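S.K.: Pulled from Swiss-Prot, these are the listed features:
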{"type": "BINDING", "residues": "His136", "note": "methylcob(III)alamin binding site"}
{"type": "DOMAIN", "residues": "30-124", "note": "domain 'B12-binding N-terminal'"}
{"type": "DOMAIN", "residues": "123-248", "note": "domain 'B12-binding'"}
Amino acid sequence: MLDFTEASLKKVLTRYNVALEKALTPEEAAEELYPKDELIYPIAKAIFEGEEDDVVEGLQAAIEAGKDPIDLIDDALMVGMGVVIRLYDEGVIFLPNVMMSADAMLEGIEYCKENSGATPKTKGTVVCHVAEGDVHDIGKNIVTALLRANGYNVVDLGRDVPAEEVLAAVQKEKPIMLTGTALMTTTMYAFKEVNDMLLENGIKIPFACGGGAVNQDFVSQFALGVYGEEAADAPKIADAIIAGTTDVTELREKFHKH
């Protein structure tokens with residue numbers, strides 16, 4: 001007769017050197033990642049918790065203690081958001097958590113700007129949109145929040161954006177990257193039209209595409225397409241671009257799964 005008692009299972013796990021570990025809560029997992037600096041810690045924690053008032057309170061205390069407001073964007077706000085993104089990537093927290101944290105991050109950035117008298121340097125500009133005919137913008141909103149939280153200037157064109165408007169925005173803003181999201185299979189073909197318009201006008205920037213209707217095979221069919229499986233891939237692709245990987249083929253090698 002098979003013995004499925006706890007004691008028996010422990011013996012099996014011990015035999016095969018498998019540790020019985022209690023899963024960490026999201027809060028416990030985050031606690032292990034927070035910086036130890038007593039002024040930075042409460043800010044990073046408030047970012048993770050999505051508490052805008054606590055973020056501002058922590059920033060105020062840090063500034064009064066002599067921290068530079070602009071430096072706090074990288075040293076505290078970005079650090080806190082880094083914890084959020086890491087735990088999201090690991091499946092510990094979910095998209096609503098990321099959105100709340102991104103809002104808290106943006107509130108913190110505004111507070112730092114107001115108290116410095118200077119405008120923090122952005123990494124670069126990214127134009128974002130939802131495919132023409134598609135009104136589902138939750139994915140796009142997450143992408144824009146993550147890009148802003150990671151130091152990018154985002155030009156958000158909204159949802160149901162005609163290809164001509166996308167082209168005009170790219171020509172005006174000269175971004176390092178364009179993003180597009182689509183939830184409906186009937187709308188994702190607009191990305192090919194955008195791609196062709198860009199090429200016809202001599203524009204060869206990476207076009208990161210994602211969303212429920214989109215897959216890697218589809219995005220790989222057009223010249224500028226780079227597939228982002230998750231919203232969190234957007235800032236990673238942008239970071240790769242500003243680090244020097246601007247060739248679409250190289251970006252695909254880095255981010256595509258097959």
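Keep in mind that glycine also has a Cβ here, set from the backbone N, Cα and C atoms.
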S.K.: Across the domain 'B12-binding N-terminal' (30-124), what is the average pLDDT of the model, as a whole number?
M.R.: 91
S.K.: My understanding is the cutoff is Cβ-Cβ under 8 Å with a sequence separation of 6 or more in the same chain; which residues meet that for His136 (methylcob(III)alamin binding site)?
M.R.: Val130, Arg159, Leu183, Met184, Gly211
